[in-house]
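**Q** As annotated by Swiss-Prot, domain 'MTTase N-terminal' applies to 3-120, with the evidence given as sequence analysis. Feature annotation from Swiss-Prot assigns [4Fe-4S] cluster 1 binding site to Cys12, Cys49, Cys83. Residues or ranges marked as domain 'Radical SAM core' by Swiss-Prot on the basis of sequence analysis: 143-375. Annotation source Swiss-Prot lists [4Fe-4S] cluster 2 binding site at Cys157, Cys161, Cys164. Look at Swiss-Prot and you will find 378-441 tagged as domain 'TRAM', backed by sequence analysis.
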Amino acid sequence: MPQKLYIETFGCQMNEYDSAKMRDLLEVSDSFELARSPEEADVLLLNTCSIRDKAQEKVFSQLGRWRPIKLRRPEVVIGVGGCVASQEGEALQKRAPYVDIVFGPQTLHRLPSMLEQVRCERRPVVDVSFPAIEKFDALPEPRADGPKAFVSVMEGCGKYCTFCVVPYTRGEEISRPVDDVIAEIVALAEQGVREVNLLGQNVNAYRGVLADGGMADLALLMHYVAAVDGIDRIRFTTSHPVEFSDALIEAFRDIPQLVSHLHLPVQSGSDRILRLMKRGHTRAEYMAKVAKLREIRPDLSLSSDFIVGFPGETDEDFEDTMALIEQLGFDQSFSFIFSARPGTPAAAMADDVPPETKRARLARLQAKIADNAAKIGASMVGSIQSVLVEGTSRKNFNELSGRTENNRVVNFAGHPRLIGQFVDVVITESLPNSLRGRLIGVAHESDFISPDSTAQIA
């Protein structure tokens, strides 16, 4: 009988990608199948994130919930991976001695052998090393899970922003060879994937080796991706403004598959705070890049990351951020109150912004983003949008759900056979977190099919 695997994932899209690879590795090597709950699992894996406040506490809280399972069934193996595991290493296992495996983002490919070692030797295994590109060489064949997929093209970051742990937990920048990336995307396209999201902690810094020994940047890589049969949409994340080159801007002009949506973290609109964060760019430089992009793609939607209450942030600094949001019209964001990450330079700075001030600033910022989003959503009502149908609606299984090019969720009535297809939907209503629409046609192999004909689609 197959063993059961349960994976809990905290954090970013890269962690989601890594968790999917853990699942694939163990399904291939040890014939595991996914458990519906931790209680029925033989192996419990926690893939952790160290970006947000109290990341360690969240990890140990989750492990505490799993501890009774281990006490009842000592043969259950508990593993902790991801960035907190990389930070804590052996200290994590000492604090939670019932944890059997501690592994970093760059050693997840060793999970099958670590699992075998734990079971044979009956002692914990800790491996948080950084074995460069080896991780990608050892991963199983890609497996599609719906019409869109994440594809990791590089890992790590060498920017060392003062608030960020990524260089310490994911290591320096490592790019996959171009042929390896394209082979993975071809395999996914053959399984029905229509949209790929190219991932990296600093994806703009991609420098992959070509078959002839040359080097490809992200712009060139996306030209190769666009040539893959079946891939109709390309996204990429996460970007650093410093690495956003003219070649990358020109890719928005030359590659129609590249969507008119960009996540470009700025963190703050204050030059003084940007210097303290060691971001390497100014407010004006950031705005100039966005202006160039919007000359090429006037309908480009923009999302960002913001940190409020960074050490030393004054009212004036915060107002600079609010003004930037107003000027550039960000309509989506990941925004957080500053919390010091252990071992980073910002952790040594005086955290002198009162908690109540931080909370008030965050509330104002998020309200402004929500207001921008509402205005853009309202402006889309009556428009016809191309939507990639991802599945059924989370709130109504009788409806379908998909995303527009500008990353808006749209729910509408339609036949489940449309999942995985691009459809044309007229937007009828804008809601706080989604849009509602009416199906008006299906784009299928370059033909237009009316809604009455959707039963013909296999």
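Yeah, the Cβs are placed from backbone N, Cα and C, and that goes for glycine too.
Describe the structural surroundings of these features, if you would.
**A** With helix defined as DSSP H, G or I and strand as E or B, the domain 'MTTase N-terminal' (3-120) counts 65 helix, 22 strand, 31 coil.
A sphere of 10 angstroms centred on the C-beta of Cys12 ([4Fe-4S] cluster 1 binding site) encloses 19 other C-beta atoms.
Over the domain 'Radical SAM core' (143-375) the predicted model carries a mean pLDDT of 96.
Sequence-distant contacts (6 or more apart, same chain, Cβ under 8 Å) of Cys161 ([4Fe-4S] cluster 2 binding site) comprise Gln267, Met277, Lys278, Arg279.
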**Q** Tell me the Cβ neighbour count for Cys83 ([4Fe-4S] cluster 1 binding site), meaning other Cβ atoms within 10 Å of its Cβ, over all protein chains shown.
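**A** Cys83 ([4Fe-4S] cluster 1 binding site) is surrounded by 26 other Cβ atoms within 10 Å.
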**Q** Work out how many Å separate Cys83 ([4Fe-4S] cluster 1 binding site) and Cys164 ([4Fe-4S] cluster 2 binding site) at their Cα atoms, rounded off.
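**A** Per the Cα atoms, Cys83 ([4Fe-4S] cluster 1 binding site) and Cys164 ([4Fe-4S] cluster 2 binding site) stand 12 Å apart.
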**Q** Judged by the number of other CB atoms within 10 angstroms, which among Cys49, Cys157, Cys164 is the least packed of the binding-site residues?
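**A** Checked Cys49, Cys157, Cys164; of these binding-site residues, fewest Cβ neighbours within 10 Å: Cys49.
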**Q** By DSSP, what is the split of the domain 'TRAM' (378-441) into helix, strand and coil residues?
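**A** Split by secondary structure, the domain 'TRAM' (378-441) comes out as 6 helix, 35 strand, 23 coil.
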**Q** Fill in the CA-CA distance, Cys164 ([4Fe-4S] cluster 2 binding site) to Cys12 ([4Fe-4S] cluster 1 binding site), as an integer in Å.
**A** 14
